[in-house]
Each structure stands twice: as structure tokens, then as C-alpha cells.
Amino acid sequence: MASKGAGMSFSRKSYRLTSDAEKSRVTGIVQEKLLNDYLNRIFSSSEHAPPAATSRKPLNFQNLPEHLDQLLQVDNEEEESQGQVEGRLGPSTVVLDHTGGFEGLLLVDDDLLGVIGHSNFGTIRSTTCVYKGKWLYEVLISSQGLMQIGWCTISCRFNQEEGVGDTHNSYAYDGNRVRKWNVTTTNYGKAWAAGDIVSCLIDLDDGTLSFCLNGVSLGTAFENLSRGLGMAYFPAISLSFKESVAFNFGSRPLRYPVAGYRPLQDPPSADLVRAQRLLGCFRAVLSVELDPVEGRLLDKESSKWRLRGQPTVLLTLAHIFHHFAPLLRKVYLVEAVLMSFLLGIVEKGTPTQAQSVVHQVLDLLWLFMEDYEVQDCLKQLMMSLLRLYRFSPIVPDLGLQIHYLRLTIAILRHEKSRKFLLSNVLFDVLRSVVFFYIKSPLRVEEAGLQELIPTTWWPHCSSREGKESTEMKEETAEERLRRRAYERGCQRLRKRIEVVEELQVQILKLLLDNKDDNGGEASRYIFLTKFRKFLQENASGRGNMPMLCPPEYMVCFLHRLISALRYYWDEYKASNPHASFSEEAYIPPQVFYNGKVDYFDLQRLGGLLSHLRKTLKDDLASKANIVIDPLELQSTAMDDLDEDEEPAPAMAQRPMQALAVGGPLPLPRPGWLSSPTLGRANRFLSTAAVSLMTPRRPLSTSEKVKVRTLSVEQRTREDIEGSHWNEGLLLGRPPEEPEQPLTENSLLEVLDGAVMMYNLSVHQQLGKMVGVSDDVNEYAMALRDTEDKLRRCPKRRKDILAELTKSQKVFSEKLDHLSRRLAWVHATVYSQEKMLDIYWLLRVCLRTIEHGDRTGSLFAFMPEFYLSVAINSYSALKNYFGPVHSMEELPGYEETLTRLAAILAKHFADARIVGTDIRDSLMQALASYVCYPHSLRAVERIPEEQRIAMVRNLLAPYEQRPWAQTNWILVRLWRGCGFGYRYTRLPHLLKTKLEDANLPSLQKPCPSTLLQQHMADLLQQGPDVAPSFLNSVLNQLNWAFSEFIGMIQEIQQAAERLERNFVDSRQLKVCATCFDLSVSLLRVLEMTITLVPEIFLDWTRPTSEMLLRRLAQLLNQVLNRVTAERNLFDRVVTLRLPGLESVDHYPILVAVTGILVQLLVRGPASEREQATSVLLADPCFQLRSICYLLGQPEPPAPGTALPAPDRKRFSLQSYADYISADELAQVEQMLAHLTSASAQAAAASLPTSEEDLCPICYAHPISAVFQPCGHKSCKACINQHLMNNKDCFFCKTTIVSVEDWEKGANTSTTSSAA
């Protein structure tokens, strides 16, 4: 390799140290005196001076090897220190005992130092024990869950319920529950968090045991340990499922050494001394320059030193690295020597100087070391660097994290090192995503947030309560000063975090560089391959938790990736005017169907990819010019058929036998919950003779298109970016897409991966972090209540005052802590910049969906997650970022709302989308969308034809699809217009706890008259739209209310039993749901009757009379069940069972009343008479049910007792805040009208013989005869029956026609055809 900046090329491959034949020639490189001075300057030390005999001779390259050997000679005591040590038993290399020292199911890393719990409570110990002296080891906490860390003896027996600390001779510290364990448990120590380091110390001279957390002693935990014959203590840990740690017994330098205690594994003292001496020589080379002309040595700063190809310098370095290279392959020496040297460079110099020196050092490593040596060295270096970054404590200026990131950047700026690390280390061996994570401090005191944010503040009225909260008070001057001081502290914190984030973005910019292709493939294309495999692990391994990257890492990685991506996108636009800005980014639709990007086994909108290829192959050929090979289709189909029948390969079956006897099982490294530096292979330890692992079937093979397609690993730059004859990723451009590319194709694939990342776990984590804000609100309410009680408490009650004062202090301290932690969360997760990232991702998805929709049937190839991300990212902006930052200030906010509304309105019933889950998500998103005024207005702004199409889909018959959400949408469009339907919370429910005012169900009514008008117009169009829709609504109402009555009968029977009994909470929930469905269906009927009354009252329509009779029948059934005093419904409501809070008289009775008022009061006189006659003709009609609405008592039946005079009666007049005076007057008018009409009907009615009654309903006289079978019934019954079934009700003969029938008439007249 030619060193950059060198004056000549020097290949170390052909270099060998001087031989005897060459000695004379070599010594003539420079003057003998100058060479002697130079070598003495490099290889001499006041501490390790050479012997006198050697010092009298001039130092040259002939005697330099002898001189170096003497320099590196180590005392015999240090050499022998690696042997057996008194007080310790076992191998000198200490690891976890994977052969027999464990219990339960565990995943152990390849280095046998990291472990992941894979069962309820697994335990494992080390291979080495101690019986005398003072010892310690460190545990790196990767997850903060339930774990017990400490010591045990070999006689301890554990199981999956009892672990370390649960037996007599085992001792443990549990930072999750902040306790210590030795059979019994007591409080001890502090809570730990992911990223902490626990030091476990044992003093067997004094018989004590203690722990440290991040180097701070937690005090003595146990005393009087059992010692003596047979008592030796092993490091041990018990951990629950998914929890993970990594041990350091001394194989690496201890992060927090303790004076007087030694690690279980001795450090390589002799090699450490040699490495430090060689490093001193190396540093001397970098600080000295030869001037052969003047014959003198010049001191020079390391940052200005350059390798200029001078033979003297090259030979000197060759001698150094001849001894140094083998040492730099050892983990301990890399971290203790090389890492310290490089960090010193970064800490002392400017970033530019540091990068220059590190670049020179890496050049020399690649030049003078064999490839395998420098690769091992770089691997260990990055592992140590990542470990240091992840497990460093948070300090106020984040200085430690900044230094580690600056060193990482300096290393990655070296092109050859960067490509090696990308290809082999960053994604394969260690978790490079950790570099982009900023951990949240659990203990704000240790993170220095008290100094950074000295003044705390929290809102006195929760922003989650909504802007209309009646408790909002005007801010006082003192509160204003506190808030401003708090905001200044938050701003200081944000600026410091932004420094770290900018360094993390620089790392990704280096990994996304595509101009460094001089020595092979550019970094960006290596990154793309590794990034896609990373996504595959997290998308395909959801059932295996250890395979998943923690979501908190994903959130940070996504934001840094978006920043780097947009930087390169806009940079490309600057040099290519025809490209687009990142603000206009989207994924072209051909990416989804041309097979160039692997989407693993992720679901497409139209179903399975193999199915889409078969059914849409003609469309692919005609629209995209892509031909699918029929043989490949056939083989893919056969693979799908045989998938469940394929036996496991032999090589996958053999490890299962080892597993059954508790042996190690190599696995593809999950490692996401364990040490950040694990090898790719793990060992699966199990004490049970069962297998929990099944071999995964290889992912689908690459599909043949018009040009060749390759697997992710085989792709080249040309396959991605394309060439003059190949469009690369954009193969198969549909005619709707522009010819000019948006940007570089590789950036499109990165963007696609970013969208997938959000769907995998980022959205879930964003919702989880809101919990800190909720905690602040709850404690603020508790503090406010306590202060109110203090003001009201009498001064003579000093005991109560003391308790309240104590509570006030506890709440204030907790709020101080939480407000500082909330500032950290807002700065790292919910900042304005992060909000803009999520908003940009939302707009990318919207444009992608819009462009995909234009391709017609090919839209089915789009992965489902694009629609999911569009829905979820909007939800995150509104619910998670909204309380902190205003959405209205986002650029193009109104336009984005409208575009999202158009997508939801069009695709919630799109036949191209077949997945049940995504269809439900679209329906729920639309239902939520119409609950909020600003988003409902956006729905009203979409083009008229789209609005009409949406309403038409909402009015489709309910039997053909899931209908509950559809009905909910229609109800929301009506809420605020119905009778007594202006409430947000039901009148009988009190606001007893803090609730999220952003919930859709708690929004104030915001009806849409525009969409109501579309509904009215559609119901009047065509003879079948209204009857089919209303028939389905009436059917579902009949079902829902019948189910509700049946369930409350069971609940009532259970409540009346004398023995103790419990009602299943799920049954109560289903019962309440059926009640809510009944109410919402009644409201839809009320809306329909109000908007289009002629559907029921214009009897020139063939179905109007039938629909009106069915409606009257159902209304009477509901009234009779609900209004009967001391009846079933009344008794269940009185019980006030938890889960049935929504079940009450008011919501269902006002819905029924609204329908009756519309039929009997508001319409024309002729229509009112028709409705009245039908209602009174129904045999279930009872006037007392109407009287009940206004609280008028029911006259007692003969033989029954009079009702209690003090019994509280239901009356609509009691709800003056919810029902207007005009509405009450209409109810009174309706009651008067029905009282008069029922009296007249009773006087005019004639007795009817039983033979003349309809044999179906026994309520109306026979008026129709069926042809050809001749059976008879009333018209209402047969018309209702024919709406759903064309067979005779009695004999199942197909009905051809229905004819009018009158008793005594000789002929019948055909009234309607079946």
C-alpha cells in the first residue's frame, strides 16, 4: 500500500528485516552519528536504559534487534504472575461455565462473557472461584430488568424460581427492586439502568461482601460470610426472560478498579509492559524528524508528522511493529494501550489535528502489520470504543460521549479501515446502532441535570386535559419566572445534546459516502447491503425477542439516518437540476414490483407476492414491461406448498441433540439485548431436554424480470444506480412516472429502509416515552390536591398537617426529578427537529401512496407498512409531539391533512387492499379523523367525487363487511345534530380521574352538514340504495339489542344468587359494547329519518311501509325493555357494575325519542298520521313507555303495591343542560298526540278472530298469499322476509309472487313479485 502523503511507495509485503549480507548497505542510509542519535532518541528511556556495554557502541540497524530485546525484557516475577494465585481456583482465563454451571434456558455469547435470559429465571456461574483474599469483577448492565448479581458456592442448587441470593450460601444485589438477597431480602443500594456497571467485591479476609454502581460504593451488603474448608465463592447471576448482561472478570481493563482488590483474571502484565514501551517508541517516531542535510534531529508535533518514505524511518517502524503487531491482537492491550493513546490524541488536539494523527496511525498499521493482524486490531478497537461509549456515565457536558464519537469519526475517515469495518464488523460483530443512541439518565443527580437545570417547573393544568379545561388559571409572576428559567435550562441541555447528535450524523455521512470507490466498492453500497440485512433481522425475527434491536436505539438511529439522507439528497440536487429536493421525496412505485429491493416476507397490500405475480403478470407486462418467468412462478408455488413439509436439514438437526443434553448450540447471533460487542455465534444453554428453536426457511429467491436480478449480497453499484442501458432500482417505470430520476437510486433504498424502521418499532417507542409526561401530570395533580388540603386543614390538627406536609415534600421532590428527566426526553425524543423528521416521513409516505395509486392494479404490490406509517406518523405528531409543539406551525400542514384525508377516504374500502389488519387500521384511522374539527374540515376539502365515493362506501349494506367502525363514522358525522346529542361525556358519568382529552371519544361534537348532504343525496338515488342499507341497519340493531338483553339477563341471575359469585369482566365488556352499538345504530336511523324522511313516509315507494313497520316494531321493543320500572334493565343499571358504566337510560332513550319526534312531530300532517297509525298498530306499543320519558308515573296494575313516593324517577326534564326547551316541548307535544290517537284507535278497533291473524307475527290480519305454495301472512311479515330470503317461510318453496288476499274474496290481486 502506498502511504498517503509519502514521497515513495513502500510495500511491507516484500519487506523483511535486515540480514547479515545487507548490514553494510543498510547502515549507510544516513550518517552513522545521526542514525545513532535518532535510534537512541527513539529506543531509549530513563526508566529502561540499555546496558553499559551496548551504550558504548553506536546504535544502528545491525544491533537494533538486540537492543530491542533488552528493552522489552520483563522481570521474571511479572512473567510468572500469570500462573496459579493463592486464594483462587480454576482456569486462569475466567469465563461463564457453559458446561454444567447453569440452570434454565440461557443464550451465552461466543466469548462466554455475555448472557441473555431465555426462561423465567435462569442462573449461571463462572468457571473460577475464590476462597481467600480480596477480589472483584464487573457486570455491564445491558437491560435494567429483574436480575440478581453476586456470588454463590458450588453446593448451591438453583431452579427457575430460586436464583442467586435465594439459598444460604449465595448473596446477590438486585438493582431493579433495589434490594439485597440472602434467603431473606432487605433494601440496599440504588436503582440501576441500562448502561450502568456493577462492581461485585468480596473480601474473604474480613468475610464481607459489597457492591459499587458506576464506581460509587453502595456500602457493605453482607458480613460474616461462611469461610473455611470447602467454602469457595463463584461469581454468579440469575436473570429473567430477555434480560442481558456482559461480564468483565479481567479480560479487559476494569472500568472502576478498587484499591486492594484484584480482578479474578490477571491482566497480561508482561505483555502490557512491552506494549507500553513499544508505544513510547512509536510516539517518539511521531515526534521526531530527521534532517539528513543538516545532520540533526528536529522536534515536531505529532499532528504535523508525515511518512515521507525515508528508509531510516521505515526501517525503524518496521522493527517496532515486528514486536508490536502480535500484541495489538489482544483485547486487553488494545483497550489499555492503543485505545488510551488514540483517546489522548483526540482529547488534546483539535478535531482536525486529531483526525490527521489517527489517519497517520491507521496508515502505519495497514502498512507494517499483516492484514489479519490489523483486522483483528481494528475489530477489538471498535468493540472497546463502542463499549466505552455505551457504558460511560452521563456527565453535564457529555464530554465522554463526545470524545468517543470524535475518535470513531477519525477512524471511519480512514477509507480502508472504514470499508473493512463496514464489511466485517459494524453490523456483523457489534451493534453499531449503539453509536447513534443517547441514553436517558435514570438518576438526574449523577447526570448533572441539577446544575444544568437548577429551576424546575411543571404546568399546573395538564396539557393532556385539553385546552378548554375549566381549571386553567392565569399564570402568576413567580410561575412565569420559574417557567422561563426552566426553559433556559432546557435550551442549554438541547444545545449540548445537539453537539452529540451532529457527531452521530457525521458518522452516518461517512458510511453513506459513495465517492470512495477508488479501492473497490464505495461505502454506501456496502452499507446498503448490511442495512438491508439489519432490517431483515428485525422484520423477520419478531417472534424471537433477542433478535430485535431495542426500539430506543431505533428511534435515535432513524433520526440520524434521516439527517444524513436528506444531506446527500439535497447535495445531489445541487449538482443535478433535474432531480428533486428532499422535501419532494417519495419512493417510485416500480421499486415495489420489479424485484430489485427485497421486502423479505412482509405483507403487500394485495396479499402474498407470489399470488400477485401470478394474478397480475399481464398488468406487469403491459404497464411496466416486466415479464415473469412461468417456470419461476411454478417453482415459487411449489415452495409455498412444501414449506410446512420440508424436513430440517441434517446440519440443523445435529445441534438439537447437543441441546438435549445441555450442550452448546451455535446460533446466528441475536445479541441485541446483550453485550454490545458479541460475536456472531451464540451458545444456547438449556437444562431441559427440549428444543425451542426451529430452523428458518430461506427467504424467497430473487425474481426474474426483463434484466438480471441479484441477491442483496451480490449487487454492485451498477445494479443499484443503473447505467445507460439499465435503470437499476427503477426498472419497469410505469407511464405515469416521470423519466427524470428523483435522486440517486441508492438513496431511494435508504429512504425505503427508514420508512420500514419507523414501522418496526419506532412508533411504539415514541408512544412509550409519553409516559414520563403522564407521570408529571399525575404528580402535579397530587401536589395540587395536597396543597388544597393543607389550606383547608384546621391548624389544631397538627398530626394531619404533618402528614400532609410530608406528602407535599415527597411530591415536590418527585416532580423536581421528573421535570428534569422530562427536559431530557423532550430534547432527545420530542424536540422540534425530531418532529420535523417524523413530519417529513409522513409526507414521503403520502406521496408514495399517491404515486402508487396512479398505477392502477399494480398498487397492490406496495408493502402494507407504507399505509401503516402514514397513519401512525400522523398519530404520533398529534398525540406525542402535539402537547409539546404545535402541529399548526408545520410547513404545509393544512395541505398534508387534506392529502391524508383523501388517502383514508379512498382506500378504506379499496378492493386492491386485501389484508384484514390494514383495512381495519384504515377504517379506525378514518373514524378517528372525523372526530376532530381540523381533520374533519380536511375531509370536507377533498374533491367532491372522492367525498361522494367515501359516503357511498359508508352506506354499503352492513352484512357484507365489518360494520361497527363504519357505523361509528356515520354517528360522528351526526353527533351534535341529534336529539339531546350534544354531550361529550354521558351525563351520569362524573369526571373522577385524569383523562387524555385527545381521545376521539372525548372530543366535542363537530357534525359535518356537507357529508350529511352527500348521504341524503345518495339515499335518494336509485331504488335499492336506501332499502338495502336500512335493512342491514335494522337487522344489526335487532341483533345487537337482543344480545344485550340476553347478556344482562345472565348478569342479573348471577347477581341474585346467594352464594358468592363473580361476573366475567369480558362478559361485561361485550355487554357494554352491544349496548353502545344499539345506541349508535339508533342514531344512524335518526340521522336517516331526519335527512331523508320520505324513505319511511312516502308510501309510493315499494319499501317505505315495510321499513316503517320494522322500525316501529324495534322502537317499541326497545322502549318496553328500557322503560319498565323495576324490570331487568332498571335493576342492572342500579347495580352500577364496573365495566357497564356506559349502560344507562339516557343515551338509548334520547336516541329513540329523537326518531319518534322526527316521525310524529316535525313532519307534514299526512306523514305524521301514517307514522302514528303504524306505531299504534304494532301490538307491542304501550303508551306508558312514552309517559316514562317525562317521568309520569305508570298507573299500578290491579293487585300491585303503589310505587315508593321517594323513588327517583327518570325524566328528560331532569337533563336541562343536555336537552333544550324546544326539544322538551316537542316531547310533550308527541305525548299529547299519541295519547289522543291511541284513545281513538282503541275505540275504533274491531275484534279479530285468531284464524284471521298472521301465523308469523300474530299481530296483524292476513293480507297476502304466496305463489305458488299458497301460504298466507300479513304483508309486513312477508316483505321483511323477502328482504333476506326468497324461500317460503313455511315450506321453503321458492316464492314467485305475492298477491293481495282478503277474506271472502274469490280472487287475489298480484301485489308484488318475489
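Each Cβ is built from the backbone N, Cα and C atoms, and glycine gets one as well.
Swiss-Prot has this to say about the protein:
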type	residues	note
BINDING	Cys1254, Cys1257, Cys1274, Cys1277	Zn(2+) 1 binding site
BINDING	Cys1269, His1271, Cys1288, Cys1291	Zn(2+) 2 binding site
DOMAIN	74-254	domain 'B30.2/SPRY'
MOD_RES	Ala2	N-acetylalanine
MOD_RES	Ser675	phosphoserine
MOD_RES	Arg683	asymmetric dimethylarginine
REGION	968-974	region 'Interaction with NFKB1'
ZN_FING	1254-1292	zinc finger
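Under the three-state DSSP scheme, Cys1269 (Zn(2+) 2 binding site) falls in the coil class.
Calculated from their C-alpha atoms, the gap between Cys1277 (Zn(2+) 1 binding site) and His1271 (Zn(2+) 2 binding site) amounts to 12 Å.
Each of the binding-site residues Cys1269, Cys1288, Cys1291 was scored by the number of other CB atoms within 10 Å of its CB, and the largest score is that of Cys1288. Each residue in Phe1266, Gly1270, Phe1289, Phe1290, Lys1292, Thr1293, Ile1295 lies on the same chain as Cys1269, His1271, Cys1288, Cys1291 and has a C-beta within 8 Å of the C-beta centroid of that Zn(2+) 2 site, without being one of the site residues.
Spacing of Cys1269 (Zn(2+) 2 binding site) relative to Cys1257 (Zn(2+) 1 binding site) is 19 Å (Cα to Cα, whole number). Within 10 Å of its Cβ, the residue among the binding-site residues Cys1254, Cys1257 with the fewest other Cβ atoms is Cys1257. All protein chains considered, the CB of Cys1277 (Zn(2+) 1 binding site) has 21 other CB atoms within 10 Å. The two recorded residues, Cys1254 (Zn(2+) 1 binding site) and His1271 (Zn(2+) 2 binding site), have Cα atoms 11 Å apart. Apart from the site residues Cys1254, Cys1257, Cys1274, Cys1277, the chain places the Cβ of Leu1253, Pro1255, Ile1256, Tyr1258, Ala1259, His1260, Ile1262, Ser1273, Lys1275, Ala1276, Ile1278 no farther than 8 Å from the centroid of the site's Cβ atoms, the recorded Zn(2+) 1 location. Cβ neighbour count for His1271 (Zn(2+) 2 binding site): 17 (other Cβ atoms within 10 Å of its Cβ, all protein chains included).
Along the domain 'B30.2/SPRY' (74-254), the predicted structure has mean pLDDT 89. In the structure as shown, the Cβ atom of Cys1274 (Zn(2+) 1 binding site) sits within 10 Å of 22 other Cβ atoms. Under DSSP, Cys1277 (Zn(2+) 1 binding site) is assigned to a helix (H, G or I) in the three-state scheme.
Mapped onto DSSP classes, the region 'Interaction with NFKB1' (968-974) shows 7 helix, 0 strand, 0 coil. Between Cys1274 (Zn(2+) 1 binding site) and Cys1288 (Zn(2+) 2 binding site), the C-alpha separation comes to 13 Å. In this structure the alpha carbons, written CA, of Cys1288 (Zn(2+) 2 binding site) and Cys1257 (Zn(2+) 1 binding site) are 15 Å apart. Across the fold, the C-alpha of Cys1291 (Zn(2+) 2 binding site) and the C-alpha of Cys1257 (Zn(2+) 1 binding site) stand 17 Å from each other. A straight line from the CA of His1271 (Zn(2+) 2 binding site) to the CA of Cys1257 (Zn(2+) 1 binding site) spans 14 Å.
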